[in-house]
């Protein structure tokens, strides 16, 4: 399964266009534009699984840095500041990684 099986390719493209400039990425806005904020818990879990590049059950800071590239190969890498802000918002237990139990951090309803 790929992200385009869950999210509209045109919504993904619009979300990526919105954050092309360095330090312009907002998780909440990205999730709204891409349609992630409207997905069910099971769909969010599948998105999480796809984004967990090494299939460890966690999304670590190194993986989060390449978050946009998981949606499109040529997308930019998140800046250090964007990555740290994103991680802080999603890492509820402070262990430096986002676990599957934290999947609802991707919901931003």
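In case you wondered, yes, glycine gets a Cβ from its N, Cα and C as well.
Taken verbatim from TrEMBL:
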DOMAIN    39-74  domain 'EF-hand'
BINDING   52, 54, 56, 58, 63  Ca(2+) 1 binding site
BINDING   91, 93, 95, 97  Ca(2+) 2 binding site
Residue among binding-site residues 52, 54, 56, 58, 63 with Cα closest to the Cα of residue 95 (Ca(2+) 2 binding site):
58
Can you tell me the CA-to-CA distance separating residue 91 (Ca(2+) 2 binding site) and residue 63 (Ca(2+) 1 binding site), as a whole number of Å?
13
Minimum Cα separation from residue 93 (Ca(2+) 2 binding site), reported as the residue among binding-site residues 52, 54, 56, 58, 63 that achieves it:
58
How does the domain 'EF-hand' (39-74) divide up by DSSP, counting helix, then strand, then coil residues?
20 helix, 3 strand, 13 coil
Among all protein chains shown, how many Cβ atoms are found within 10 Å of the Cβ of residue 58 (Ca(2+) 1 binding site), not counting that one?
17
Please give me the CB contact count at 10 A for residue 52 (Ca(2+) 1 binding site), counting all chains in the structure.
19
Additional residues around Ca(2+) 1, ordered along the sequence, whose Cβ is within 8 Å of the centroid of 52, 54, 56, 58, 63:
53, 55, 57, 59, 60, 97
From the Cα of residue 97 (Ca(2+) 2 binding site) across to the Cα of residue 58 (Ca(2+) 1 binding site), what is the distance in angstrom?
6
